[in-house]
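Per TrEMBL, these features apply:
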- Glu137: active site (ACT_SITE)
- Asp21, Asp136: Mg(2+) binding site (BINDING)
- 17-215: domain 'UmuC' (DOMAIN)
- Tyr26: site 'Substrate discrimination' (SITE)
Amino acid sequence: MSASLPPPVESPRARRIAHLDMDAFYASVELLRYPELRGQPVVIGGMSVHAPVTQEDGSRQYARLRDYVGRGVVTTSTYEARALGVFSAMGIMKAAKLAPDAILLPVDFDAYRHYSRLFKQAVADIAPHIENRGIDEIYIDLSEHAEETLALATRIKTAVQQATGLSCSIGIAPNKLLAKICSDLEKPNGLTILTQADIVTRIWPLPARKINGIGPRAAEKLTALGLNTIEELAAADAAVLHEHFGRSYADWLGRVAQGIDERPVVTYSEPKSVSRETTFESNLHAKRDREALSGIFTRLCERVAGDLQRKGFVGRTVGIKLRFTDFRIVTRDLTLPTYTDDAVAIRQAAGECLKRIPLDQPFRLLGVRIGTLAKKGAEPVGGPVVMQGELFRESADSK
Ligand code: TTP
Ligand code: MG
Ligand code: MG
């Protein structure tokens, strides 16, 4: 089957959109501190017990997949491990069958967040029209830049490398949909520039699931209909798509198969945290005013959750602040295993924080805060498997 419609010209004024994605991001950050592992199959996904042990002679002893017992999943892997069939989301014990000698390292989100900020800042110094899409990827609107595409993209890649020591892959195309597909075409360390005229040769032969928004279930349904490639999708009978996917998704499928996507690059300045606090009319005492305090506390958490939901964010670090009558301020925080915008989860975590403050004196102010924010739906996924009874990983008290 071959599609007959030529790809249309998208808009009167062609845009130039880049999608930048870091290569094997978590693994590459780990290799910065363990450079002797370069070139080896390495899997990220262990717990702290899998951290390397430094020997007396200064060398390090690493955990190997073959010794792993547990239900954890691979968060990411180096390209050397991928060559052995080990990919994100695979069970580590399954991965151990494919690559028993591969090295296992624990996840360290703080380090990845640090490098995430560094690479985004390096790009922003050159091209500030950025949309954050998660810990290791961004869209950049380059339409307003005069510089020629290849030179500009090369300059961005070099800046990221210099700021972080890490490589990335960039795809540049007339829209976000194509740029996202494109950044993956020549990974790692790729630089792919695609014009409207390249859609037929470079995009249409790809499997339909390469389109961001065609998930595994939709891809399976398309396969069952005999629609495997994007070209086949472009040539598909619109009525058949309507019947199987509903009108709006079917219309979207038709458009994306043609490489059409008008979504703008949305720049927003990310809030670092969301917080609410309350000063009491009279001093409250934890024991005497237990019930009133509990109600106030719950309402604060509900308002924080409401703020998050309205802004479309989720957060992981929940903190509380108390000001005692002598104006002493005490804070406690802890980091949840997963991102949340749920009032009950925030209330529970804030309650744990409160337990860690000696409450023998009356206080005047109570505040609840949530930090480590991510755009809902673009939060880093995976992460360590959290065992029951290990609900909270405590983080250092904040100031
Ligand atoms: P990706 O960009 O999907 O993958 P990657 O950067 O490891 O490799 P690639 O070169 O193919 O881009 O994801 C970025 C990080 O997000 C990744 O390093 C680890 C984390 N992640 C998870 O925690 N769970 C997952 O299922 C995936 C896919 C990624
Ligand atoms: Mg990546
Ligand atoms: Mg990514």
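Numbers here mean position along the shown chain, with the first residue as 1.
Glycine too: its Cβ is placed from the backbone N, Cα and C atoms.
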Inter-residue Cα distance where the pair is Glu137 (active site) and Asp21 (Mg(2+) binding site), in Å: 4
What Cα-Cα separation, expressed in whole Å, is found between the residue listed as 'active site' and Tyr26 (site 'Substrate discrimination')? 12
Have a look around Glu137 (active site) and count the other CB atoms within 10 A of its CB, chains all included. 21
Name the residue among the binding-site residues Asp21, Asp136 whose Cβ has the smallest number of other Cβ atoms within 10 Å. Asp21
With every protein chain in view, what's the tally of Cβ atoms within 10 Å of the Cβ of Tyr26 (site 'Substrate discrimination'), excluding that atom itself? 27
Once the DSSP letters are reduced so that anything not helix or strand counts as coil, what is Asp136 (Mg(2+) binding site)? coil
Between the Cα atoms of Tyr26 (site 'Substrate discrimination') and Asp136 (Mg(2+) binding site), what distance do you get, rounded to the nearest Å? 9
Do you know the mean pLDDT across the domain 'UmuC' (17-215)? 96
If the criterion is a C-beta within less than 6 angstroms of any ligand 2 atom, which of the recorded positions Asp21, Tyr26, Asp136 pass it? List them in sequence order. Asp21, Asp136
